[in-house]
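Peer 1: Attaching a single structure in structure tokens format; questions to follow.
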Amino acid sequence: MNCGCQRTMGLHCVLILCLFSGWTVGYKQGDNVTLYVNKVGPYHNPQETYHYYTLPVCRPEKVHHKSLSLGEVLDGDRMAESLYHIRFRENVEKKTLCQLTLSEKQVDELREAIEELFYFEFVLDDIPIWGFVGYIEESGFLPHSHKVGLWTHLDFNIEYNGNSVIFANVSVKDVKPVPLEEGAGAAVGGVGVGGGSLTVTHTYSVRWFESSLTHSRRAERLRDYSFFPKTLEIHWLSIINSLVLVVLLLGFVIIILMRVLKNDFARYNVEEEGGCDDLDQGDNGWKIIHTDVFRFPPYKSLLCAVLGVGAQFLTLATAIILMALLGMFNVHRHGAINSAAIVLYALTSCVSGYVSCSFYTQINGQRWVWNIILTSSLFSAPLFLTWSVVNSIHWWSGSTQALPATTVLLLLGAWVLVGFPLTVIGGIVGKNRAGSFQAPCRTRNIARQIPTQPWYKHTAVHMAIGGFTVKLDFLLYYIFATVWGREHYTLYGILLCVFAILLSVGACISVALTYFLLSGEDYRWWWRSVLSTGSTGLFIFVYSVFYYRNRSSMSGLVQSTEFFGYSLLTAMVFTLMLGSVSFWASLAFIRYIYRSLKMD
């Protein structure tokens, strides 16, 4: 038992260290500043990346890789030391890096990479440096010319303040590319040809510039740099307009529902002075089904698992946004949000176990062990299946997005030693602390027959209304541009407000749809309340298809598999979160109206 606790505490420490690693590095003039090569990939496919040394480029005889955090590995980083020798505040003019003799096959590899708009990413003092591998030019129709050139000289421009590095980038402004002809072409200055091979000389320059920005504000400099297209434009008028419309919708729903309920209470209570059992004599509407509205639904274990995992993701999302507001995620901490999500998902597993098993016990569930297993695997099983497919394709293509075995074991250990045990502990505590189900009215043994419902009260119609109303297009655009692009979202205060409004709208729409359902004497509200706004996940996935086809330039098997695989998981997360919120809102609403009716 003690050994297990030690292993669990050790894994906690490893995960926390992976999350909060990072410190300020100070240099003296002449100190070595290590430049790491990282990855290359197609410009328009953010998640399709390969190690820089997979290309025929200058490389040391023995490659030394940098020790990476969990977030960096999950982000596809594979940093290795380079041959570039950079010293703090010492300029370098056209220094030779290496001389390479490229075979015809290697020239073809470079041509293919350049034609696919491959960019490279270096890292210097945690600052990413981006540039294109080569140059491509298309001109004319008749005759058509297609020129491909390789950048063999790089100018590094580095900004500093005091003893720290503020910013760095690479430039090829005054450099001419070396043409790469089909099958190793003719010699051009600095390039020799012989025996079907091509000899190129790689050089570089380093220039240092003083900056007025302090080290604590250097993230601002990186945010202003625009190597990648700025697709994430903040349209404040659109945001404010959408927020106002949502708030107005919220107010209209609440006011109308309160007025309707007030009329219902006045009509139902004016003639009834007896108990709750006499309320169904010669009347219709939601009061007549008081003996059936609290009848427990089918698939109780699955319902409770949905509520538990939804509560877990609500806790996780709130914690991530609050941590972002506290400034714990910045552009220089590679994969910090990924690390935080992994750690919090493991630690909040107790929330899902507690909520699920507690409510399962309240509604007279007997197989609580099965309920805990179902809760722990409801999201983790689809996640593992999706990751297995995506990771296999990355591994087959040689992408750096394929996780190494050590990282897979670490993540598996986090779930086995932390996530699953906390789910079990939370489930046991929830089972033992669960009270009785609070129902204002007694449920009869024989269920009342449900009258035929009009088409606009069917489940599919309610799902369409709830999902379409709750879905927020402007929020989805920023989320997709951040996750599937290379933008850094920094308006976390706006995100918190929109998240709160999203949950509020989901709750109000669910209450309104539940009221319409009960008014038609249909008491099957349990699953309907989950699906009414949980269907937002379906609309989110439809939007992801639209985004892929119309808002992005992504293509290829690797990128497409990852995009649609993880978009499905994102849609599932929203379904669980909003479904959980809408259910608890509907349950509170139903208890309120029947308690008020009974008290009168």
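Glycine is treated like the rest: Cβ placed from N, Cα and C.
Take a look at what TrEMBL says about it:
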SIGNAL    1-26  signal peptide
TRANSMEM  236-258  transmembrane segment
TRANSMEM  302-329  transmembrane segment
TRANSMEM  335-356  transmembrane segment
TRANSMEM  368-390  transmembrane segment
TRANSMEM  402-429  transmembrane segment
TRANSMEM  460-480  transmembrane segment
TRANSMEM  492-518  transmembrane segment
TRANSMEM  525-548  transmembrane segment
TRANSMEM  568-594  transmembrane segment
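How buried are the listed features, and what sits near them?
Peer 2: Long-range contacts of the transmembrane segment (492-518) within its own chain (CB-CB distance under 8 A, at least 6 residues past either end) are made by residues 239, 243, 246-247, 249-250, 253-254, 257, 260-261, 286, 289, 293, 314, 317-318, 321-322, 324-325, 457, 462, 465-466, 469-470, 472, 475, 478, 524-525, 528-529, 532-533, 536, 577-578, 581-586, 589-590.
Sequence-distant contacts of the transmembrane segment (525-548), counting only residues of its own chain at least 6 positions beyond either end whose CB sits under 8 Å from a CB of the stretch, comprise 293, 296-297, 299, 303, 306, 459, 462-468, 470-471, 473, 476-477, 480, 484, 506, 509-510, 513-514, 517-518, 554, 560, 563-564, 567-568, 570-576, 578-583, 585-587, 590.
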Peer 1: Can the transmembrane segment (568-594) be said to touch the transmembrane segment (302-329) if we require at least 3 CB pairs below 8 Å and skip pairs under 6 apart in sequence?
Peer 2: yes
